[in-house]
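So the structure is just underneath, and the comments pick up after that.
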Amino acid sequence: MWCFLASNSLYEKKNPFVTKLSNVPNSFNCIIFEESLAFNKSGLGLLMAVSLWAVRSIGAPSTDIAVSELTNASAEVSEIVFFLFGAMTIVEIVNVHQGFKLVTDNITTRKPRTLLWVIGLVTFFLSSVLDNVMSTILMVSLLRKLVPPSEFRKLLGAVVVIAANAGGAWTPIGAVTTTMLWMHGQISTLKTMKDLFVPSAVSLAVPLALMSLTSEVNGYEQDSSNVMASEQVAPRGQLVFFVGIGALIFVPVFKVLTGLPPFMGILLGLGVLWILTDSIHYGESEKQKLKVPQALSRIDIQGVLFFLGILLSVSSLEAAGILQELANYLDAHIPSSEVIASAIGLVSAIIDNVPLVAATMGMYDLTSFPQDSQFWQLIAYCASTGGSMLIIGSAAGVAFMGMEKVDFFWYLRKVSGFAFAGYVAGIAAYLAIHNLPISLPTTVAQFPLLSGS
């Protein structure tokens, strides 16, 4: 409880900026040190949200003002929560039908260096459609069927983490942070994909190239007798796969066609997939696990509640004016927006990138940096790829750590340097593209439905 009690002086009159600013880190300490405190971060996030809004209610000019602020904040946060809920359910439905085997079964190479690149590229593009956590779980599960326990398999798992975070940076549905920025108007679909694809690809290509030179890759001899697991795609699993992926890809198009928020598009896709699975498994009592009600019981509800708590907590700091004052402080002492964005990416290797991005959105509005400005695009890139530098820096890394029992210091010794090199190279590529007279192909810009989305 100490992390909440520290916030009870948010509205003291003496030197208010110093008082408020000093309490912001305290609000998140309990989340950062979840493992040491032995508390679940979802419960802490919810408790923190309610506590901070209670403090805001006490410190606001009137209770009605605080209630109005909470109502507006809840409306914005609920859009993200509904979007995540729908997207996670769609992915789970496709997964339980073994639909992703259509992708993974095509990975047949056993050459270590080739496998390194294939795993990285498949994860990179898979993560651009799915979220980076689900992509990591799917690809690490695949590695267990392709490669026996070894140092090489751990290195491939690390490649999955780097590729999943890089792939999630260049599409609005590839990671929670980019989705947040997209839904609140800081970035648009087409511009983000066009401007961030190359930096994201570079952030993956550089680590892959460096890892290809290591002894773990060059000295590994793969047993050619390894085969894929024998699970079969569920009946009409291919149909479910294409409808599910199509539903995810259709969300930006739906937003342009109707002007409605993205969460409505994802709920439309979920509704279509729900009716489809009910129809194709009608009367099959033994196939209940393939239907949506069972899928709902398997999605990561505690993860959704964590995001709910974090986003509501950050909105309370925004309502209190703390984030705006922090932005003014940074602008006064760090005049370069590129440096600020890069620093946020570095911090995201230690602190969860969701609260960092949420705080940044509260600090700077669209009048400070308009939609698709370099600042917001760098935030999207840095917050996603920066988490690859430490295994605890992203949800993808934590998932890999749990599945393969990878040690924090092993990742620090073997992978962090490669991930950092990719992170810096990606930023350099982005700045070079936008500040040097370099012309990239713009054929995709002619796609009529996505322009301006």
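We number each residue from 1, going along the chain as drawn.
Note that Cβ sites are derived from N, Cα and C of the backbone, with glycine treated the same way.
TrEMBL annotations: computationally assigned, not manually curated.
If you look up TrEMBL, you'll see 52-361 marked as domain 'Citrate transporter-like'. TrEMBL lists 80-100, 115-143, 155-176, 196-218, 239-257, 263-283, 304-323, 343-366, 378-403, 415-433 with the feature transmembrane segment.
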Please figure out which one of 239-257, 263-283, 343-366, 378-403, 415-433 racks up the most CB pairs under 8 Å against the transmembrane segment (196-218).
415-433
Between the transmembrane segment (263-283) and the transmembrane segment (343-366), are there at least three Cβ pairs closer than 8 Å, leaving out pairs fewer than 6 positions apart?
no
Distant-in-sequence neighbours of the transmembrane segment (115-143), which means Cβ under 8 A and at least six residues beyond its ends:
87-88, 91, 95, 100, 103-104, 107, 109, 153, 155-157, 159-168, 170-171, 173-176, 200-201, 204, 208, 211-212, 217, 222, 245, 248-249, 303, 384, 394-396, 399-400, 403-404
Grab the pLDDT values for the domain 'Citrate transporter-like' (52-361) and give me their mean, rounded.
84
